Amino acid sequence: AVMGRNLALNIESRGYTVSIFNRSREKTEEVVAENPGKKLVPYYTVKEFVESLETPRRILLMVKAGAGTDAAIDSLKPYLDKGDIIIDGGNTFFQDTIRRNRELSAEGFNFIGTGVSGGEEGALKGPSIMPGGQKEAYELVAPILTKIAAVAEDGEPCVIYIGADGAGHYVKMVHNGIEYGDMQLIAEAYSLLKGGLNLSNEELATTFTEWNEGELSSYLIDITKDIFTKKDEEGKYLVDVILDEAANKGTGKWTSQSSLDLGEPLSLITESVFARYISSLKDQRVAASKVLSGPQAKLAGDKAEFVEKVRRALYLGKIVSYAQGFSQLRAASDEYNWDLNYGEIAKIFRAGCIIRAQFLQKITDAYAENKGIANLLLAPYFKNIADEYQQALRDVVAYAVQNGIPVPTFSAAVAYYDSYRSAVLPANLIQAQRDYFGAHTYKRT
C-alpha cells in the first residue's frame, strides 16, 4: 500500500492527475486526506475507477505478488477496452508475468511486468524501473515512467525497455539476488573486522566512511556506516541489540532456483540466501555452540593491513557476485529470447535502487567495449582488480577458516574464481563414476 501510494504521489508531482483505487475505502480516503491539494482523484468501485481513465488506459497495479495480482486483473478486465495497458509493479515471479502477458495479449490487452527498486523512498522520489512486455505498449507509458524514474548523475533516467514478457521482472529478480549477495558480503566484512580486530562501532563507522569514498562507494556501504553508530532509547548501539536472524521475502530464492534451471553457477548469491536460512536457526545454533568445538578467533595482526585486505576482499567478492548475476542474465536472455542489453541494465541501477554503486559504470563500460563478453571477470578492468586483489581475498578466507569465522560468500567468491580460471577440473573423475554405475558414457579429451 505504501509503495502504491508513493508511486501515485510521484506521478502526481510530475503534473499528472492520478485516479486511485484500493479495495479498502478507508485506505483510499486516508491517502487523499493526507495529501490535500494534490491531483489524486479517489474512486471506490473498480468500474468508476476504470471509466475515469483516458484510453488507452494505463493502470498501475501495486498489489502483493501471486493470487492477489490475478484477482486484481480479473476485477479490471470486464471494464477494459482492447489496447488498454496494465502495468504490474509488484515483486512478481517472472514466469507468472510471462503467463499473464500471454493470456492478456490473447484478449487484446497489453501487460507490462515492471520491476521497481528503491523501496518506499525510491517510489516517492524516483525509483529504478525495469519494464518488460510489448514494446509498443511500453512506448505509450514511457513518458510517465521516464518522468518518475530516478536520475543518474549524468542526467539519464533510470528506466529502459528491458525486453518482452517477463524480462523486466526477471531483471528485478536478479537485482534482488545481487542485493542479497552485497548485503551478505558486507555482513562478513563486518564480522571479520569485529572478530579479527575487535573494532568498536565508532571505528567500524570510520572504516566504512573511508570505504564509501573509494571503489566501494554505494548506497549499502553508505547506510551501513550510519547503522554502526545508531543508538536505541537506552543509549545502546542498535545493531548490537538486533537479533541475528535475517528474514527474506523469497526473491533471492527465486534467483537461485532460476540458476539451477538454467545450469548457471550462481554460487555466491545462493550462499547468501543459505546464510539467511542458517541465521534463522538461532535456537539450534545456540545449542550447537555449546556442543561443537572449533577455534577461537585470534587477533589478525596489523590493523591497517587487515582492514585493507578485507576491503579488497569485499570489492573482489562484489565483482564475482555481479559477474555471476550478469552471466545468469545472459543465459536467461538466450533461453527466453529477450535480447537483453547488459550495459544499459547496469546503467539503470546507478540511482534509485538498493544496489546503486559507483562501480556499476565499470560494468556498462565493459559491455560497451565488448558486447559479447562471456563473463565480466574477463573484462580488462575487472581482470586487473582480480590480479591485484585476489591475494587479499585468499588471505582473508584463510584467516577466517583458521579462526572459525564463517564467510560463506567470501569463500564462494574464491572457489568460483579458481574454478572459472581452471582449464582442467576433476569433473573427469565424476563422469567416470557416472559411467561406471549408470552407463552414462563420457567424452574423450
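Glycine residues also receive a Cβ, built from the backbone N, Cα and C atoms like all the rest.
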**Prompt:** Which of these, Asn10, Asn35, Asn91, does Swiss-Prot list as part of the NADP(+) site with Ala1, Val2, Met3, Gly4, Asn22, Arg23, Ser24, Val63, Lys64, Ala65?
**Reply:** Asn91
**Prompt:** Of Arg99, Arg434, which does Swiss-Prot put in the substrate site with Asn91, Ser117, Gly118, Gly119, His175, Asn176, Tyr180, Lys249, Arg276, His440?
**Reply:** Arg434
**Prompt:** Would you say which of the binding-site residues His175, Arg276 has the most Cβ atoms within 10 Å of its own Cβ?
**Reply:** His175
**Fill in**
Filtered by Cβ under 8 Å and at least 6 apart in sequence, the residues in the chain of Glu179 (active site, proton donor) near it are Gly252, Ile354, Ile355
**Request:** Compare the C-alpha of Asn22 (NADP(+) binding site) with the C-alpha of each of the recorded positions Lys172, His175, Tyr180, His440, and give the closest one.
**Result:** Lys172
**Request:** State the count of C-beta atoms found within 10 angstroms of the C-beta of His440 (substrate binding site), not counting that atom itself.
**Result:** 11
